[in-house]
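These come from Swiss-Prot:
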BINDING   GLY17, PRO18, THR19, ALA20, SER21, GLY22, LYS23, THR24  ATP binding site
BINDING   THR19, ALA20, SER21, GLY22, LYS23, THR24  substrate binding site
REGION    42-45  region 'Interaction with substrate tRNA'
REGION    166-170  region 'Interaction with substrate tRNA'
REGION    251-256  region 'Interaction with substrate tRNA'
REGION    284-291  region 'Interaction with substrate tRNA'
SITE      THR108  site 'Interaction with substrate tRNA'
SITE      ARG130  site 'Interaction with substrate tRNA'
Amino acid sequence: MSASSQSRPTTIACLLGPTASGKTAAALALAARRPIEIVSVDSALVYRDMDIGTAKPSREERASVPHHLIDIIDPADAYSAAEFRADTLRLIGEIVARGRTPLLAGGTMLYYKALTQGLNDLPGADPEVRAALDADAARDGWPALHARLAQVDPDTAARLAPNDSQRIQRALEIFMLSGQPMSALLAAPRRTDDAAAAYRFVPVALEPSDRAVLHTRIAQRFDAMLDAGFIDEVERLRRRDDLHPDLPSMRCVGYRQAWEYLDGDTDYRTMRDKGIFATRQLCKRQITWLRAMPERIVVDCIAPDATARALDALERVLDGRTPD
């Protein structure tokens, strides 16, 4: 029997919630009370030079408490759930070794699931295969590749739109590298390891009792991003010439809509409306993920004292005052 199975797992508090739910305020409130280091659970914050559209913590906020997994890769590159899992487990160990407390905070539920439930044995990205698929798509179009996917993996193809280039490419890549449909690999038992077994992850979920209030916040937040120069930020990224709208970074909510606007495909008002709608759809998916976690501790994120409630819940987790 391993040492990790003999000893009691270390409790790790996880502050999860949809966009605009107040995660940053709650995390900073905890930082004022305890020696924490924040590990971001956000697939958009990993990218450098994408500050406004991702609502990245300010320099002052990041100076007041150590943050990790922010600004770690270039927008031209990809960052997988497997990389997040490995990096997070390493960081947790390092933070604990320093005598400090890790706090996981974010809203990318796929990352959290990979961390806490393990990974499927999917092959990694292959630049040559992706280049070949990109060339095929440039010649024949993504709907043709979607039809190709339907022949080898009908289950995956059935849930993807014909122009969902990123996911179609990944599903075809997996089949070409493994010889098996992605749907079959995802249905296989997940791989776990002793590194994750050493921890007990306890989610504190910021959820709205009235989704309309959160929708209003989302609209206000998107308008504030536009006022802060979001379009200029996307324009600077476009001038690099090595980015395109099918990259994971440029598919982030808001960036895709701004790119379409700068391409002349939509007007400003339509871009704004589509950006707000896409953010609300993301929020809906995040809440659905959260509600599938029966072990979560729920805090109403639109309550007047939401930050204080979240702080109390996090401290109860860290003090061991929660059921096992």
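Note: Cβ is positioned from N, Cα and C throughout, glycine not excepted.
Here the structure is a predicted model, which means the values were calculated and not measured.
Here the features listed in Swiss-Prot are placed on the structure.
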{"residue": "GLY17", "record": "ATP binding site", "CB count, 10 Å": "27"}
{"residue": "PRO18", "record": "ATP binding site", "CB count, 10 Å": "28"}
{"residue": "THR19", "record": "ATP binding site", "CB count, 10 Å": "21"}
{"residue": "ALA20", "record": "ATP binding site", "CB count, 10 Å": "24"}
{"residue": "SER21", "record": "ATP binding site", "CB count, 10 Å": "29"}
{"residue": "GLY22", "record": "ATP binding site", "CB count, 10 Å": "20"}
{"residue": "LYS23", "record": "ATP binding site", "CB count, 10 Å": "26"}
{"residue": "THR24", "record": "ATP binding site", "CB count, 10 Å": "17"}
{"residue": "THR108", "record": "site 'Interaction with substrate tRNA'", "CB count, 10 Å": "20"}
{"residue": "ARG130", "record": "site 'Interaction with substrate tRNA'", "CB count, 10 Å": "16"}
GLY22 (ATP binding site) in three-state DSSP notation: coil
Long-range environment of the region 'Interaction with substrate tRNA' (166-170) - Cβ separation under 8 angstroms, sequence gap at least 6: 130, 133-134, 137, 142, 145-146, 149, 157, 160, 182, 246, 248, 251
Rounded to the nearest Å - Cα separation of THR24 (ATP binding site) and THR108 (site 'Interaction with substrate tRNA'): 14
ARG130 (site 'Interaction with substrate tRNA'): secondary structure state under DSSP, collapsed to three categories: helix
Per-residue pLDDT averaged over the region 'Interaction with substrate tRNA' (166-170), given as an integer: 93
Cα-Cα distance linking ARG130 (site 'Interaction with substrate tRNA') and GLY22 (ATP binding site), given in Å to the nearest integer: 38
Integer Cα-Cα distance in angstrom, SER21 (ATP binding site) to ARG130 (site 'Interaction with substrate tRNA'): 36
